[in-house]
Structure formats: structure tokens, C-alpha cells
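S.K.: Annotation source TrEMBL lists domain 'ABC transmembrane type-1' at 24-292. What TrEMBL lists as transmembrane segment is 61-82, 135-157, 163-182, 248-270. Marked as compositional bias 'Low complexity' by TrEMBL: 319-350. Taken from TrEMBL, the feature region 'Disordered' covers 319-366. According to TrEMBL, the compositional bias 'Pro residues' annotation covers 351-364. Annotation comment: TrEMBL describes 367-597 as domain 'ABC transporter'.
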Ligand SMILES: Nc1ncnc2c1ncn2[C@@H]1O[C@H](COP(=O)(O)OP(=O)(O)OP(=O)(O)O)[C@@H](O)[C@H]1O
């Protein structure tokens, strides 16, 4: 906070110095506006002393009319204030927009791989608007406080100088206390924003990877880490609340103690020859002008001021370099239990493991489905009905069927994302969702059609499912095998940071395929995971998976996938048929239909 304040202060001074004329105009209007503050207490005192208390009701009413007129003039002056404010605030917004656009263009030219920084949109819209609004609010409030305080103190002085003795000491003490809270409060506010950002980053990553989290049985670890971040945010909020309480104390000291003192010392003041009208006038200054102005100032400086500082810090920090406030979200966390590391995109080990841990699963598990029935709701038609299926260890099974027949449902059941209504699914003899079974993340990986890639380095993305990490040579060979090499090169190597929004669907699928290929899980489920690749790229990726030891279940996107499989499972409503490509062609009219409609896309036999 210290650094950003120190960095921003000279820029702010330069900005204001270049606008002296606007500032003077603003001060002029404010002075006129503050006349009503002065007349507010003075008019009331005069109305009482020279009018109502001496029986001159007309004089009293005339003074009140003067006070009311001052309010109207103050209102008109307010129009001038707002015009001056626009001349001050709009150039700030323009200058921020220019800076953000200039920097992101420079960055786009210098580092094409990082060109699509989606945060730029937020900086150009939301954040510049927050900066503009907060700045406008601060100028309004600070100006209003200064001129109100000046008007009220001048009024008190002209009513009776002794009044200043009662009002000024607590006012100054309260303001000093308030100023002393600003820096720690800003630091707490920043800590709170950071904790909040860390939590939303985490939730974003979890939401994107929810399917894998459940498939890997990592709910507990994921929840535990989220609870940790929630606790951090709650702690930051408690600290912030502590400082807010100190700020209340400052407000009480500066704004409310003078009122109390005035009331307590009223008998003494009256004995000094001060009239009741003057006491009432002083009370009017304190309750109608000073206290509200203080209240607004403290609230605005405490919230809008900190917000402005934080947003300006982000807007004026190079977008290529993470602002200090978000550095915590970099993937630097380490874990004592390696088995949990791969569940979180932000925590995958970034340094290569000393020894290559190439995916060398055994032959793969045996999958058995016995009389499996599944429906999406109690009254819904079952998607799968009484399905029996055995997939042998190391077998390469392709699932085909018309759209909406239940292929994804089947993979989700095998992955343990869904539970059958009837029947059971066993992997190597164990129920899929056995609570005390081996770590599911080490057993199976499901790659869905919508591949997810998170903000981080390519290495972190690829190692997401490798609890023990992997060497660079393993990364290279898996990337080469699935056809990811050119993309790795284009992005600038495994340690290049990637912005998911800048990748095409096919590129994301390639990264997800590389991640699955590197994983040590002996069972892979690819649910149309190559649908955004062209036939040649799909062929290459499928060959890589066919060469990888383990059991492989692929929901086919093209007929070529089916032709390459050991065996094909054809889902047809509530029936299911298994066989080789030629057997199904001979036996199943539906398969012939499917093969016919797929044929134009096929490249021929893999
Ligand atoms: N979450 C869900 N809630 C209710 N019904 C669902 C849900 N998910 C899928 N379905 C329905 O279940 C049936 C099977 O869907 P599924 O996605 O498994 O089919 P699919 O063969 O994979 O389809 P596609 O080839 O189009 O991806 C469809 O009728 C689908 O509308």
C-alpha cells in the first residue's frame, strides 16, 4: 500500500497542478455554496436573540428568510460545483483509458502469445468507471467538508470566540485519530480485497473443474482448501471491522463530543453573557453542518478513497506484470500431501520432478457393469436400462450411438460422477464409489467434450492430473504424441502463461488430451474429447492413446474412431450391442446408418 500510495501521489499532484484553473473555479463555487453554512447558525442565533426572544417576530422571520435564501443560493452554486467537477473528472477517465489501451496494445505487439488479456475489458469499463466515480465522490466530499468546516468555524467565531474553545480541540483530536486510521484501514481493505479475489479465483477454478473434482473423488480436499480461503477472508473482514470501529470513535470524538460539551457548558456560557440564541446557533452549526459533513468525509475517505487507490493501482500497473495485490493467486502453494496437489489448478507443482514419471500404468482395470439402469429423475424414462458390459483390462472400447442416446451418461457412470439407480459398476472388482477405495484420481480420468484450461502456465495445465509431477522429457513426449508440439512452440514453451480465452476449442482439447496422456491413471474415458480437432489431428491423438498402456473408453465423434477400436459398443435406446466394426456393419441396421452418415468425414482406416 505504501508503495502504491507513494507511486500514485506524484502522478496525482501532476494531474491536479495541470488543472489549477478548474480547481480555482471549483473553490469559488464552493465558497458561495458554503455561505449557507455560515448563515445557517448565524441566522438562527439572530432570529432568536434579535427577533423571537425580544418580541420582534417579524425580525426573527426575516432572519430565517435570509437563512432560507442562503440555502437556495447554495443550491445554485452546487450547479457550478458539478460543472467544475466534470472538468476535473472526465479528463481523469480519458487519461486512464488512454493508458490502459496504450499498455495493452504495446503488450499485444511485444508478446503476441499473451495478446488476449481479457482483464483489459474490465479495466476499460468497470475499473475506469469505479475510478471516475470514486474520484468524483472524493473531490465532492473533501471540498464540501473543507468549506462547511470553514463556514461553521467562521460562524462560531463571529457568534462568540469562546465557542471555538469548546469545539476545536475535540474536532482536531477526532480528525487526527481518523487520519491515523487511514493507512492501516487501507491496508486492511486491500487485504480483504485480496482474500476475496483469491476466493473467487479458487471458486472459478473449482467450478470449471467440478466434473473432474467429482470424478477424482477430490471433493473433501477441494472443500477443505476453499474453507481455508473463506476463513482468510473472514479474518480480513474482522480486522477491517476493527478499524471501522476506531473510525466510529474518531467520528464520535470530532463530531459528537463538541455537541455534548456545548450542552454541558451551556450554563457557564450563559453566565459569560452568551445568549440562548448564540448557543442554539452553535448547536445548529454542529448538528446541521459539521456532524453530517464529518460523517460523509469519513465514510467516503474510508471506502471510496481506498477503492480509488486500489483501482488506480491496478489501472496504472503494467498488465503484463501482476499487480502486487494479486500476486497471491500465482501458483506457488505447496502441499504436504502430494495426492491432493493435482486437484487444484493453482497448486500443481511447477518444478519438474527429479526423475521422469512417465505414465506407465499396468494393463488397465477391468470394468464391469451389471444390470445397470439409470434415469435422470424418479419419473423420467431410463437412459440406460439393464445394461451389462465388461471391458477387459487394457481394452480399447469405442461407444457409438445416436445423439442423446446416453453415451455421456455411460462415461459419467463409469467415472463415478453419476450413480446407477439399479445394478452396479465395478472397477477391478471394487464398486466405483467405494468410500474406502484407492484414490480415484489415480485410477481414472474423464476428459469431457468441453475441455477446460485454466489461467496458469502450460506446464501447470498439463501436470494437473499428475500428483507426483513429471519431467520435462515426459511432457515433451506426451505433447509430441498427442500433437500438441506446435501449440507448445507457438505459446512459447511449457512455462508460458496461457490465457484460456485466447485459445481455440481445438487448442484447449489438445491441452486436455496432453494432460490425460501424462496422467498415471490406468483408465481413460474420452467423451468426444477430440470433436474440435480435424480428422488428421484426431487420428494422431487417438493413436497416442491407443499406444498408451491402460484401458481406454472413447465416445466416438467420427466413424474412423470406431474403426480403430478393439471393440465397439452401440447404444440403441434401451438396447446395447457389442462387436467389431465389420460385425456391427453386418448385424446392425442402426450402425450401418451411423456409418453411412459419418462416412463423408472419414479419412479412411487409421
Ligand atoms: N443432467 C441431465 N438431466 C436430465 N436429463 C439429462 C441430463 N443430461 C443428459 N440428459 C438426457 O439424457 C439423455 C442422454 O444424454 P447423453 O448426454 O448421455 O447422450 P449422448 O448420447 O452423450 O448425446 P450426444 O451424442 O448428443 O452428446 C438425453 O436425452 C439427455 O437429454
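Just so it is clear, glycine is given a Cβ too, placed from its N, Cα and C backbone atoms.
Predicted automatically and left uncurated, TrEMBL annotations should be read as such.
Are these features on the surface or tucked inside, and what are their neighbours?
M.R.: Within the same chain, residues 26-27, 30-31, 33-42, 81, 85, 88-89, 92, 163-164, 167-168, 171, 281-282, 285-286, 289-290, 293-294, 296-297, 300-301, 304-305, 308 sit at least 6 positions outside the transmembrane segment (135-157) and bring their C-beta atoms closer than 8 Å to a C-beta of that stretch.
Counting same-chain residues at least six beyond the ends of the transmembrane segment (163-182), those with a Cβ under 8 angstroms from any Cβ of the stretch are 149, 153, 156-157, 243, 246-247, 249-255, 257-258, 261-262, 265, 269, 274, 278, 282, 286, 290, 294, 298, 301-302, 305.
Computed over the domain 'ABC transporter' (367-597), the whole-number mean pLDDT of the model equals 88.
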